[in-house]
Amino acid sequence: MTDTDQERDRNKETAFYKFTQQTLPACKPVLTPAWVITIFLFTGCIFIPVGLVTLRASRSVVEIVDRYDAECVPEPFRIDKVSYVQDDSIPKNCSRFLKVHKYMKAPIYIYYQLDNYYQNHRRYVKSRSDQQLLHGRKYHGTSSCQPVEFNNDHAIVPCGLVAWSLFNDTFKFIRERAELKVNRKNIAWKSDRDHKFGKKVYPYNFQNGTLIGGGKLNPRIPLSDQEDLIVWMRISALPSFRKLYGRIEEDLDVDDVVVVHLMNNYNTYSFSGKKKLVLSTSSWLGGKNDFLGLAYVFVGSSSLILALVFMLLHLRYRR
Amino acid sequence: MPLTLDISLSQTRHCNNRKENPPIAIIPTSSFPWDPGFVFGMDSKTPVENLYSIEPALSSSSRRSNFSIQSKASGGNSIREVTFTDLGSKPVRYGSHGADSETNALSQKEINDEDARLVHINDPVKTNERFEFAGNSIRTAKYSILTFVPRNLFEQFHRVAYIYFLVIAVLNQLPQLAVFGRGASILPLAIVLLVTAVKDAYEDYRRHRSDRIENNRLASVLVNYQFQQKKWKNIQVGEIIKLHANETIPCDIVLLSTSDPTGVAYVQTINLDGESNLKTRYAKQETLTKIPEEGKITGLIKCEKPNRNIYGFQANMEIDGKRLSLGPSNIILRGCELKNTAWAVGVAVYAGRETKVMLNSSGAPSKRSRLETHMNLEIIILSLFLIALCTVVSVCAAVWLRRHRDELDFLPFYRRKDFSDGEEDDYNYYGWGMEIFFTFLMSVIVFQIMIPISLYISMELVRVGQAYFMIRDTQMYDESSNSRFQCRALNINEDLGQIKYVFSDKTGTLTENKMEFQCASIWGVDYNGGKASSVDGYYVQVDGKVLRPKMKVKTDPELLQFARSGKETKEGSHVYDFFLALAACNTIVPLIIDTSDPTVKLIDYQGESPDEQALVYAAAAYGFMLIERTSGHIVIDIQGERQRFNVLGLHEFDSDRKRMSVILGFPDKSVKLFVKGADTSMFSVIERSLNVNIIRTTEAHLHSYSSSGLRTLVVGMRELSTSEFEVWHSAFETASTALMGRASLLRKVASNIENNLCVLGASGIEDKLQKGVPEAIESLRTAGIKVWVLTGDKQETAISIGYSSKLLTSKMTQFIINSNSKESCRKSLEDAIIMSKKLMTISDTANNAGGTSGAGLTPVALIIDGTSLVYILDSELEETLFQLACNCSVVLCCRVAPLQKAGIVALVKNRTSDMTLAIGDGANDVSMIQMADVGVGISGQEGRQAVMASDFAMGQFRFLVSLLLVHGHWNYQRMGYMILYNFYRNAVFVLLLFWYVLFTCFTLTTAITEWSSVLYSVIYTSVPTIVVGILDKDLSRRTLLKDPQLYGAGHRQECYNKRLFWITMIDTFWQSAVVFFIPLLAYWGSTIDGSSIGDLWTIAVVILVNLHLAMDVIRWNWITHAAIWGSIIATCICVIIIDALPSLVGYWAIFKIARTGLFWLCLLAIIVVALVPRFVVKVLYQLYTPCDVQIAREAEKFQSQRATGALEVEMNPILDPPRR
């Protein structure tokens, strides 16, 4: 017992000694040509297949994108789209015909896409109160919500620019006279519904002010169930973004024509933003985006070339 | 000028014998006290041809040329007191030292009332009524409880870095600019401040505690004619204090009387300067008889204002209407201990913080490393870069605002107008101009870490770590003195890797400064021991007790035989006289020490001159053992028989005479004068007509001694007739009581009697080379470091030490310059330059003709002496000397004064950008150590003055090799890499933020959460930097020592230079773009939300910078692994924690995004794409244009013949330095 203790002590001492003398056992990798070539070959061999798989996944996604913001303004109003969209007396309905050119398997995700819309603008991002969304009128520190904070000295619930500018175009999908069933539940993050938006917070005085920014909310539904709002309030990272509207839970066949009845309520005309409707299937990768696949293939092939170059260099200039 | 002159005089006298060390002082070169009758090595008009001899053409070995006549005094002897005994009458001391009256005359002029402090003896009330002199309580603590917070904060904010932090934090508090939340912006600064404050508080607490102990010690103080115990803190200036043996002295005290009838007191100054030998201090004879308990002592001491010179003190005392001058030998300083003296009484003149020891207790000098100076330039570039980024952002923002100015009111994501109050207001909009201005400030806040403030903190931590390893290094641990390496300056570690010039002291630095008696020439016979010498310790038995000297000395059997034979034979009597002279003619105090064996006692010879100690030990070994010394007599045990000699007179050493003498009254009533001194001064007073042969052979012996590196002294004697003695005695008495010009009168008296001497012989004392010195010098030279030796020794000794230490080799051509006028100096220098150029061209052509052999270069050595330097330094000749010195591979300066040493260092330092290092051990090296970029002190025999002034201190010269070649190289490499890496690490993050700003309407939104921004340089990436900065090693110690050329990496600034900086910045640009744009393109037009992509960016950038570091790490041990992988894991944990807080925007984002394959694919792509260019460049560089270090690394790894061969071929030649 004591012997082993002593031994351990001695070991500890020597380890400490080695530490102080900077002679701890260490691995000293040196880049030899063999290593370098192996590394590049290895990278190439990994990246090219991964890239191809990724590319394939991206290509397998079927996507229908329809820009409707311009077309959905009736001919007479096209000179002044802003006043058209702001005029409540004019009906805003509009129909779009989408032709399916490839079989789309359910679930088909419905997105609306906004371009040139800076949801990540500093003023916009700050203009919200997460505490109020959770606690409702009980929470008073809503100063961050300016300039949409009070209405008749009552704090607006939900306050802030983000909520105020809620997207409010609506879409109805009809195929062969039958309305496609659109599932609009579970489009927001569950974590947001459960922990960020109050179950007992009701938007009782929302969008009552002089300036209407966007969608209204049903005051009888608590915020935690207002999924459109929850989706909208998850600020997008980039000025061109999609937000989930719902899911079509039926497959679409080739050459099906989907008629979209939409209400073109949301004003992007004042800042020449674009509105698009997107129907897209999904892969393990997400949406349709070839970039990463191409990048992988490119990096993989570059690595192989580099491996080759180093091999030649090594043969040519052997040290 | 008179002041400095006076100090130099008194100090020369005071310390004349400890090598050449007038303390920190102030010897103006113009009044340099060399012997005017100095024999110069060469006539100033000697043609140049005599100077150098060069073997024709290309012979690799040029003949050594040695011209200088060996001549100069070797430091010599000291006489501390002039004592006189009137054959049995009561001993009287005449003045405490010779320079009295001069000092007196000068001091009356110097100490005028404004500069003086007046101390009324035994009247503290009156002393202190007009001036508030400091009390004796000391206070080293900085803070009290009340002042801690403000003062500590004030001190901490002296650092520019903290002010930058603070300004940014304050800016962030303005509502218009609040980029980060309050907590996030203040937290890092608060943490740093708090940690430092706690550390300071703890240190201060310890200081408070030690202050309290110190202040409450007791001393006996005269109150109402009685000595009472009083606490130290209550002692006042003017009070009379009584000290007992072994007590510590509470304040600076002028001695009034001591237990010794002649007023001598011995003190040990180990706490003050580290010297353990006893020093003698004197009370004035006029005050000796006063007994404070009986009669009131009244008097007035007028002394200089408190200053830090512990070897200088200037005052005068008016007592009983007489005016006496006081010097450094009359004062005992706080912190010393009274030894061998039963009691001493004195009056306090400086107390508390005004004592010399307190004035000297300042911290280490603060220097700034070269790397840091270079780095500051790059920091300025980064600041400009920061400003550029901010300008881009604000200009873009301005353009955007202008283009959309009509839409802003109702833009959903801008909404300038606020309608909530019913009236239209601009909400949070201050006009176009102000918005731009705010945008600019906000971008400064967001991009703040572009200026890597954390770098300064990391650098400090890294230096502490490096210092720890240097201190713990067993290779730099001196077993003999049990001293570790000391790191006194913390901020110039990396300078050790770039040293180009080493200036070294000789005695005590290259040599041990342990003098050893080697050989003697007695009456023309050389007794040099030879092989038969033995080291039997001599001892005597007294009353059954054995008494033996503390140190054993090698003895020559033949000489021992003669010494034992007594005076009967002719040789015997000469030997008797010689050793008697050695034993008597000195100022050594023998101390008898008990040993563990009660029957054995040791004699320890205490004295300030190691030479004298060696001589007395030698005499003891031959049976002439000095047993007792009082002011009136000495007792010498001669071959077991105790004899008492009266010391009738003692003429102390001075730098003009360069000798000392003692007049002994023998028991048989005869009176003899013994003189000991440097050869030059001795041969002028030796009766030439007598014993011509003996003088000649002695001279020859002396020459051979000094050529073999020994320090020589000549001993002579003369018997005095009664009449002669009487004449001398009366002259001596008049001189020593004279009020004016006492010193010169005494000197004259001494010169009058010291003549017509009969030469007894000469001694050779060896100052041994320290262990490992030749190898160390060899290594340093191979490393491309120029070693200059600056010594106070004479030329022959210096040259011979130069040879034995391998500084000089037989291949070298030597230029010896010793001239005594400016013109001859100029001529010698110019000729030497022409010669050296000729040599260079010869070797150049040789090189061209002979192809690759680099050995064709003839190394050149320059040997120059102090007198020539007097003419050269501070004149236009400096430049010439510098040019010449640059061509020389070795420079040896002999007989230089302390200030000249500094002058030589300055000569090099001011003219090149190369780093200089000065190494020395004595007080005489202080000025040089302080002048050089890096000062290294040797903690050796000479006390702690050099160590106190140094940046690094160590036990032995040879550790310099480890210090420079190993630790210096490591430190430099580590620090250089760390700085570049820090620039990269912060810039990559800033650029990442910047790219995103371009996609947010230039409004400085950050996708990365503010907490991650703050934690990035605190937690995410800091530890690996520091660990690598402390632990990474490019090469092992063995390789570095084996191939000193590797040190050239530092000279060539391979680890940190402009080119590397710009390459790093380009790489940074690429990497940040990759980190940003791959996710951007991959997620373009998707539902990705800001927090999720922010998390991706955070994790990607952290992994990237850590892998970047990992790619450059050379040696992976478990600590490195833990730091790098640990940091990545810590980052993930932090991100997870941040995203698990529902109150933050990014709630749950990481969990969402990490579940997607795209996230991981992006991460992998980012890492690979970002690092590939760097990797390719690194590989190409390493494989096809490898540097020395790289080759050595591979050799180290593979140990293959191929790599070693490559090493030898490809190693950059450094021996030939390019002219600047």
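Note that Cβ sites are derived from N, Cα and C of the backbone, with glycine treated the same way.
Now, the feature entries from TrEMBL:
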type: ACT_SITE; residues: B:Asp505; note: active site, 4-aspartylphosphate intermediate
type: BINDING; residues: B:Asp505, B:Thr507, B:Asp921, B:Asp925; note: Mg(2+) binding site
type: BINDING; residues: B:Asp505, B:Lys506, B:Thr507, B:Glu612, B:Phe653, B:Lys676, B:Arg711, B:Thr791, B:Gly792, B:Asp793, B:Arg895, B:Lys901, B:Asn924, B:Asp925; note: ATP binding site
type: DOMAIN; residues: B:119-185; note: domain 'P-type ATPase N-terminal'
type: DOMAIN; residues: B:947-1186; note: domain 'P-type ATPase C-terminal'
type: TRANSMEM; residues: B:184-202; note: transmembrane segment
type: TRANSMEM; residues: B:377-401; note: transmembrane segment
type: TRANSMEM; residues: B:436-457; note: transmembrane segment
type: TRANSMEM; residues: B:987-1008; note: transmembrane segment
type: TRANSMEM; residues: B:1014-1031; note: transmembrane segment
type: TRANSMEM; residues: B:1060-1084; note: transmembrane segment
type: TRANSMEM; residues: B:1096-1116; note: transmembrane segment
type: TRANSMEM; residues: B:1128-1151; note: transmembrane segment
type: TRANSMEM; residues: B:1157-1177; note: transmembrane segment
Note = Integer Å value for the Cα distance linking B:Phe653 (ATP binding site) with the residue listed as 'active site, 4-aspartylphosphate intermediate' is 24
Message = Return the average pLDDT for the domain 'P-type ATPase N-terminal' (B:119-185) as a whole number.
response = 80
Request  = Taking Cα atoms as reference points, rank the recorded positions B:Asp505, B:Arg711, B:Gly792, B:Arg895 by distance from B:Asp925 (Mg(2+) binding site) and give the first.
outcome  = B:Asp505
Task = With a Cβ cut-off under 8 Å, give me the same-chain residues at least six positions beyond the ends of the transmembrane segment (B:1157-1177) that come close to it.
result = 1063, 1067, 1070-1071, 1074-1075, 1078-1079, 1082-1083, 1096, 1099-1100, 1103-1104, 1107-1108, 1111
Query = Is the transmembrane segment (B:1014-1031) packed against any residues at least 6 beyond its ends, judged by a Cβ distance under 8 Å, and which are they?
reply = 180, 184-185, 187-188, 191, 449, 452, 454, 458-459, 461-462, 465-466, 469, 974-975, 977-978, 981-982, 985-986, 989, 1098, 1101-1102, 1105-1106, 1109, 1112-1113, 1115, 1117, 1119-1120, 1123-1124, 1126-1127, 1130-1131, 1134
Remark   = Long-range CB partners for the transmembrane segment (B:377-401) (under 8 A, at least six residues beyond its ends), listed in sequence order, are 408, 432, 435-437, 439-440, 443-444, 447, 450-452, 979, 983, 987, 990, 994, 997-998, 1001-1004, 1061
Request  = Give the residue counts of the domain 'P-type ATPase N-terminal' (B:119-185) per reduced DSSP state, in the order helix, strand, coil.
outcome  = 37 helix, 2 strand, 28 coil
Inquiry  = Are there recorded positions among B:Asp505, B:Thr507, B:Asp921 that sit within 10 Å of B:Arg895 (ATP binding site), Cα to Cα? If so, list them; otherwise say none.
reply    = none
Inquiry  = Please report, as numbers and ranges, the same-chain residues at least 6 past the borders of the transmembrane segment (B:1096-1116) whose CB is under 8 Å from any CB of it.
reply    = 977, 981, 984-985, 988-989, 992, 996, 1007-1009, 1012, 1016, 1020-1021, 1024-1025, 1028, 1031-1034, 1071-1072, 1075-1076, 1079, 1124, 1127-1128, 1131-1132, 1135, 1153, 1159, 1162-1163, 1166-1167, 1170-1171, 1174-1175, 1178, 1193
Request  = Fill in the CA-CA distance, B:Arg711 (ATP binding site) to B:Thr507 (Mg(2+) binding site), as an integer in Å.
outcome  = 11
Rounded inter-Cα distance in Å - B:Gly792 (ATP binding site), B:Thr507 (Mg(2+) binding site) = 8
Ask   = In whole Å, how far is B:Asp921 (Mg(2+) binding site) from the residue listed as 'active site, 4-aspartylphosphate intermediate' when you measure between their Cα atoms?
value = 7
Query = CB neighbours of B:Gly792 (ATP binding site) within 10 A?
reply = 25
Query = Reduced to three states, what secondary structure does DSSP give B:Arg711 (ATP binding site)?
reply = strand
Remark   = Row B:Arg711 (ATP binding site), column other C-beta within 10 angstroms, all chains, value 25
Cβ atoms near B:Asn924 (ATP binding site) (within 10 Å, other residues, all chains) = 32
Remark   = Simplified to three states, DSSP reports B:Asn924 (ATP binding site) as helix
Query = Any idea what the Cα distance is from B:Thr507 (Mg(2+) binding site) over to B:Asn924 (ATP binding site), rounded to a whole Å?
reply = 11
Remark   = DSSP, reduced to three states, assigns B:Arg895 (ATP binding site) to coil
